[in-house]
Amino acid sequence: MAASSKVIVSLVLCLMMAVSVRSQLSSTFYDTTCPNVSSIVHGVMQQALQSDDRAGAKIIRLHFHDCFVDGCDGSVLLEDQDGITSELGAPGNGGITGFNIVNDIKTAVENVCPGVVSCADILALGSRDAVTLASGQGWTVQLGRRDSRTANLQGARDRLPSPFESLSNIQGIFRDVGLNDNTDLVALSGAHTFGRSRCMFFSGRLNNNPNADDSPIDSTYASQLNQTCQSGSGTFVDLDPTTPNTFDRNYYTNLQNNQGLLRSDQVLFSTPGASTIATVNSLASSESAFADAFAQSMIRMGNLDPKTGTTGEIRTNCRRLN
């Protein structure tokens, strides 16, 4: 190989290595530029929960829906504007809330570290705090994401599972985004150990059960739900009827007892022959097993195609491009 060719190859390899290093997320990313970011986010989340016990569930849902569409880049937060068609028009984002909490966090962070911390990282940090403030186990959040300058409405339509999905459809979505269709799927579904759903998303399961993969809801529980839903299809019901505001393994024991509120939850345990059944049983048996599995899967999800380096931007307003 000619000397000039060797030099070119060497330069290309060095550039590839530099890009790889620059593109890696790190738990210490803000140590010098915004060292108090974690405590700032935690403080705002704690305050939000004092007036809204759904605050944690709202933030973690935003993080999930962000990461499942072109990676964790804050695109779910963008509203319609010049050149942007918001992802919020997708059915899977119907009724999604929590933007006021994100705005409060962003304002608090910008007051201390202007132009430094991305909205995507705020969602990642807020999700960890949502769990720990509900008595769950935390994890080390990897940081350094930048915010997207685009949104993908069609991607949101295609990749956000509905409450009515079969197990095979949900597994396909997880595989498509790069997550495991058993361990990650079952662990991350455990986020439904808190939060609420509206009657319109499960009322069809209360009086009939046409799907072979969806066990009938426990009769006593179904009777309670029927009574609650008489108030209207928009009535909110706790996803976990046992410990609705605590982040624990009861989500899985609910599935074992045919008390999964949504079809998309119950099919993890009720689909005949599914590999997810053993995983549900495993996580139902141990708080530490659930906590560890959830933390590992959250880290994997948070690593989905982040924008780093000079890609994207650091939004000053999470709802709009700079």
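Heads up, the Cβ atoms here are built off N, Cα and C, so glycines get one too.
Of the listed residues Cys199, Cys318, Cys199 is the one TrEMBL pairs with Cys229, by disulfide bond. When the CA atoms are compared, the recorded positions lying within 10 A of Ser75 (Ca(2+) 1 binding site) are Cys119, Cys318, out of the candidates Cys119, Thr193, Cys318.
His192 (heme b binding site) and Thr243 (Ca(2+) 2 binding site) are 11 Å apart (CA-CA, integer value).
A Cα-Cα distance of 32 Å separates Val69 (Ca(2+) 1 binding site) from Cys229 (disulfide bond). Shown are the binding-site residues Asp73, Glu87, Asp240, Asp248; of these, the residue with the fewest other Cβ atoms within 10 Å is Asp248.
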